[in-house]
């Protein structure tokens, strides 16, 4: 019986493709083979030791980035549209939310299509200059998003912890913060274009980022200082803000319970459940915000540090996860900072009734998120 005469079908074709990739481990083929000649000078010798990635990984990565891009552009676009066209949402605090959504919108609108095209071609096809600009843009929008989230945390800290003693943020104050965020982020991210640090293709050859294999003093100092400015510092400030926010709310709720006991009433609120709802809701929001932030940006930090400190072998497949996790951050930011806002939900359901999953959305929000809306009253 001649098996070779049968139609192998798609399953056999996939196995043959996989077999070809496995055979590459014993051949001279490398992940660099498909790199265009004008890009070769940017490729670190480290990548020449790895065989080509299975085409299935490129296809999967392109599909995931395409889906994330569509969701992010749609979600963030709706956040920007609703917040800028709804009168009740045009507050100083919400300018920061709009800035976050705008930054995430630009990240996926400008970066997802090129990456999908590169995944289809299994290498970077737009040339060295586009590689530099792509990496710079990704770094810029990521840094802007990080520091915008930090400013949102500061705003909540100012409203909830300081209470009536706090100086309220004005429209001009919010715009000044937005200008600072973009100027600060731009200063850090254009530095590699002028010689401090370097942007090169990543190991999967479909995206570009910082060069974490260059052991020069210039490159290492850039990565270390940049990580402090756009990772450690904002992470510390976010944790600091939410720690004192939760602490202040817990102290307020405790004082209200003690006052209720003195007045011989069960509660100063309409129900006992309301006594603990504020603490629980804010603690959950704080934990979710910090956890999602940490998950989004830690993979990139680990990859960069592993490269400059030689702590682990970085394969082309490993570099995929940094891109996916960081870009996924632009997808769930609209959910955390937009959809969780009661007034935003009310406006969203009013503009797009088909999205409503409830009869009457609550309309009791005030600034930046449901957490802030819930906690403005205790601070007074």
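Please read every residue number as a count from 1 along the shown chain.
Backbone N, Cα and C define each Cβ position, glycine as well.
Annotation comment: TrEMBL describes 359-372 as compositional bias 'Polar residues'.
Per-residue confidence over the domain 'G-protein coupled receptors family 1 profile' (75-337) averages out at a pLDDT of 86. The feature domain 'G-protein coupled receptors family 1 profile' is assigned by TrEMBL to 75-337.
The region 'Disordered' feature in TrEMBL is assigned to 359-380.
Under 8 Å from some Cβ of the transmembrane segment (60-83) lie the Cβ atoms of residues 89-90, 94, 97-98, 101-102, 104-105, 107-109, 111-113, 115-116, 119-120, 204, 206, 320, 323-324, 327-328, 330-331, 333-335, 337-338, 344, 347-348, 351-352, all in the same chain and six or more residues away from its ends. The annotation transmembrane segment is assigned in TrEMBL to 60-83 (among others).
Away from its own ends, the transmembrane segment (95-112) comes close to residues 65-66, 68-70, 72-73, 76-77, 79-80, 83-84, 134, 137-138, 141-142, 144-145, 148-149, 151-152, 155, 171, 174-175, 177-178, 181, 327, 329-331, 333-334, 337-338, 341, 368-369 of its chain (Cβ-Cβ under 8 Å, at least six residues beyond either end). Taken from TrEMBL, the feature transmembrane segment applies to 95-112 (among others).
Residues or ranges marked as transmembrane segment in TrEMBL: 132-154 (among others).
Within its own chain, the transmembrane segment (174-196) has Cβ neighbours under 8 Å at 92-93, 95-96, 99, 132, 135-136, 139-140, 143-144, 147-148, 151, 210, 218, 221-222, 226, 229-230, counting only residues six or more beyond its boundaries. The transmembrane segment feature in TrEMBL is assigned to 174-196 (among others).
Sequence annotations record features per position, and here TrEMBL assigns transmembrane segment to 223-251 (among others).
Note on the transmembrane segment (285-307): residues 142, 146, 149, 153, 209-210, 212-213, 223, 227, 231, 235, 238-239, 242, 245-246, 314, 318-319, 321-322, 325-326, 328-329, 332, 336, 340, 369-371 of its chain, located 6 or more positions outside it, place their CB under 8 angstroms from a CB of the stretch. Sequence annotations record features per position, and here TrEMBL assigns transmembrane segment to 285-307 (among others).
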